[in-house]
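Worksheet for the structure shown next.
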Amino acid sequence: MPMDEGDAQGSLLLEWKQLNYYVPAQEQSNYSFWNECRKQRELGILHDVSGHLKTGDLIAILGGSGAGKTTLLAAISQRLRGNLTGDVVLNGMAMERDQMTRISSFLREFEINVKTFTAYDDLYFMSHFKMHRRTTKSEKRQAVSDLLLAVGLRDAAHTRIQQLSGGERKRLSLAEELITDPIFLFCDEPTTGLDSFSAYTVIKTLRHLCTRRRIAKHSLTQVYGEDSFATPSDNGSSGSNSIEMEIVDNSHESLLQAMKELPTLGVLNNSPNGTQKKAAICSIHQPTSDIFELFTHIILMDGGRIVYQGRTEQAAKFFTEGFMQPKNCNPADFYLKTLADGQGSKNAGELLRAKYEHETDGLYSGSWLLARNYSGDYMKHVQNFKKIRWIYQVYLLVIRFMTEDLANIRSGLIGFGFFMTTAVTLSLMYSGVGGLTQRTVQDVGGSIFMLSNEMIFTFSYGVTYIFPAALPIIRREVAEGTYSLSAYYVALVLSFVPVAFFKGYMFLSVIYASIYYTRGFLLYITMGFLMSLSAIAAVGYGVFLSSLFETDKMASECAAPFDLIFLIFGGTYMNVDSVPLLKYFSLFFYSNEALMYNFWIDIDNIACXVNDEHPCCQTGLEVLQQASFRTADYTFWLDCASLLVVALVFHIVSFTLIRRYINRSGYY
């Protein structure tokens, strides 16, 4: 794709030179029973790939399966981690990963959204993270309305994402990436899973975003009616649905034709990059002829190398030498079939690649240097962008978690019903435990242990499934800089705090009414507080288990050994003096000891039978001593603090593991 001086001036030109990407490959030894002896070698995915993209271009990356389309897309966009070499520059300026994420967006092949949100709520929520911190709420709402109009989702604005069609979800994902009004759009298989019409609509939307030229705002009420558009105000600001469109010239017919093609031509009115065209590059698999014609340029890949890169209409000329395209044949299908077919001793891909390398030798001569000052000014403008503060990120994420819970209220009520059924079952089993006798000492200890276990297991296993399921969203949004990983983690933990206290006291209410009613209201308050702390500590334990594995199945299966070890050290199945140090690693121990201490420490008299052959504990202090629990005055608060410390340790380890995984894997 040669560039002249006119193209370079006033344009943003992204160039990639000699990109090479290797991944480790393992070969299993045939002579080892355990397959422990493995030879490490590197498998090349990209080989000396060079090219460029300028604003106004819509490029399609074509190639067979395994040709390296998605890898090239990720490498150019700086979303790829691993052994990547080569240069990516913007008008001659080297681009780092954080700089690239500020000026570009990446549309994944498969949509990743909070399915319980509506289309409007999803965009409005993301606008808080992706727009400048000083943007007002009214401006955010205006931007969201414009985006919904731009991608043709105005009528589905208040429909839940899980109820949208495949094409609508794809366009919503595109709108979400357009919130920042990026200059460069990287789209990985944007037509996957869509019917021909939906796929055409998505690519057509991208085409208009890339080729638009801004015009003055117009009132469209005469064409579409007052209900559809608002007239811009005198000060130049737009109304609720005023738009700007692409036109080819200043003729009246061009404007009317552009209007007829709504809603796929709408763009943000208050775009900070409004005077600058966009550029999009898409990996795409077998596009139809109509879709293929929408692309301004194509890149053909074979075996991790470029076979052809240039304007779409010039590709046919490139392939005419030695290859005959059948009549009425989709050009994209012909090019891909040519690459796949063998031609004599060499395959067609090798022949075409050699021809392309000969024709483009010395093509990339640095014409982007003409616009280097322009890109420098643009990057200064981008770097002045200020995200919302960390504490506000936490607040918004807590709201999102709670909104998800409210949207799934039915499943939440079912789970809560089973939880309370367990409480009723335990209350019936221990309903005969009332007076304080030698026979009831063990019953009370067992019921307290069951309270502790139920809270810990319920919350730990409830959290175990969260991170494996949320990893795709975390990887995308954290890698894109939407919010920090620490904000997400803290918000997740905080969202469980009110749930822990609510469930803790509700569960205890059923048990307390049938067993401990003679002890008064203060005991109810303190026991509920301890159960809630146990639940909070269990959240840390569950997140720890979840962070060790990438799948919820592995996390649940491997949790059993941890549960067994910590449970044995809890003080019921084994005297804690038998494990003087190991008990301090068990949250079951702290929870059980605190509950037992809180119940028994004020008991001064326990009846002893006259002919009882077993040891008789006459006070609550003796009950605690028999179980080898601590009896100091500070035991209650020490155990409370210990539960929080255990939770903190689990969270620190979990956060470290998750951050390491995110940094290692990146966007993919």
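Backbone N, Cα and C atoms are what each Cβ position is placed from, and that goes for glycine too.
Per Swiss-Prot, ATP binding site is recorded for Gly63, Gly64, Ser65, Gly66, Ala67, Gly68, Lys69, Thr70. The Cβ neighbour count for Gly63 (ATP binding site), using a 10 Å radius over every protein chain in view, is 27.
Note on the domain 'ABC transporter' (31-328): its mean pLDDT in the predicted model is 74. The annotation domain 'ABC transporter' is assigned in Swiss-Prot to 31-328 on the grounds of sequence analysis.
For 1-412 (among others), the entry in Swiss-Prot reads topological domain 'Cytoplasmic', with the evidence type a curator's inference.
If you look up Swiss-Prot, you'll see 434-453 (among others) marked as topological domain 'Extracellular', on the strength of a curator's inference.
Among the features that Swiss-Prot reports, topological domain 'Cytoplasmic' is placed at 475-490 (among others), with the record citing a curator's inference. In terms of DSSP helix, strand and coil, the topological domain 'Cytoplasmic' (475-490) has 11 helix, 0 strand, 5 coil.
Helix first, then strand, then coil: DSSP counts for the topological domain 'Extracellular' (512-524) stand at 11 helix, 0 strand, 2 coil. According to Swiss-Prot, the feature topological domain 'Extracellular' maps to 512-524 (among others), an assignment based on a curator's inference.
Look at Swiss-Prot and you will find 546-561 (among others) tagged as topological domain 'Cytoplasmic'. When the topological domain 'Cytoplasmic' (546-561) is classified with DSSP, helix, strand and coil residues number 13 helix, 0 strand, 3 coil.
What Swiss-Prot lists as topological domain 'Extracellular' is 583-637 (among others), and the listing cites a curator's inference.
Positions annotated as topological domain 'Cytoplasmic' by Swiss-Prot, on the basis of a curator's inference: 659-668 (among others).
According to Swiss-Prot, the transmembrane segment annotation covers 413-433 (among others).
Annotated transmembrane segment per Swiss-Prot: 454-474 (among others), in sequence order, evidence recorded as sequence analysis.
The transmembrane segment feature in Swiss-Prot is assigned to 491-511 (among others); the stated evidence is sequence analysis.
Within the chain, the transmembrane segment (525-545) has long-range Cβ neighbours (under 8 A, six or more residues past its boundaries) at 451-452, 455-464, 466-467, 492-493, 496-497, 500-501, 503-505, 507-508, 512, 516, 555, 558-559, 562, 566, 587, 590-591, 594-595, 598-599, 636, 639-640, 643-644, 646-651, 653-654. Residues annotated as transmembrane segment in Swiss-Prot, with sequence analysis given as evidence: 525-545 (among others).
The feature transmembrane segment is assigned by Swiss-Prot to 562-582 (among others), with sequence analysis given as support.
Outside the transmembrane segment (638-658) by six or more residues, the chain places 467, 474, 485-486, 489, 493, 529-530, 533-534, 536-537, 539-541, 543-544, 546-548, 584, 587, 590-591, 593-594, 597, 630, 632 with a CB less than 8 A from a CB of the stretch. The annotation transmembrane segment is assigned in Swiss-Prot to 638-658 (among others) on the grounds of sequence analysis.
In this view, Ala67 (ATP binding site) is surrounded by 23 other Cβ atoms within 10 Å of its Cβ, with every protein chain counted. Mapped onto three states, the DSSP output places Lys69 (ATP binding site) in helix. In the structure shown, across all protein chains, Thr70 is the one of the binding-site residues Ser65, Thr70 with the greatest number of other Cβ atoms within 10 Å. Ranking the binding-site residues Gly64, Gly66, Gly68 by C-beta neighbours within 10 Å puts Gly68 at the top. For Lys69 (ATP binding site), the same-chain residues 6+ apart in sequence whose C-beta sits under 8 angstroms from its C-beta are Ile61, Leu62, Gly63, Ser283, Ile284, Met301. Sequence-distant contacts of the topological domain 'Cytoplasmic' (475-490) (same chain, at least 6 residues past either end, Cβ-Cβ under 8 Å): 79, 98, 101-102, 105-106, 108, 112, 126, 129-130, 387, 390, 393-394, 396-397, 651, 654-655, 658-659, 662, 665-668. When Cβ-Cβ distances below 8 Å are used as the criterion, the topological domain 'Cytoplasmic' (546-561) is approached by residues 460-461, 463-469, 471, 653-655, 657-658, 661 of the same chain, each at least six residues removed from its ends. DSSP assigns Gly64 (ATP binding site) to coil, not to a helix or a strand.
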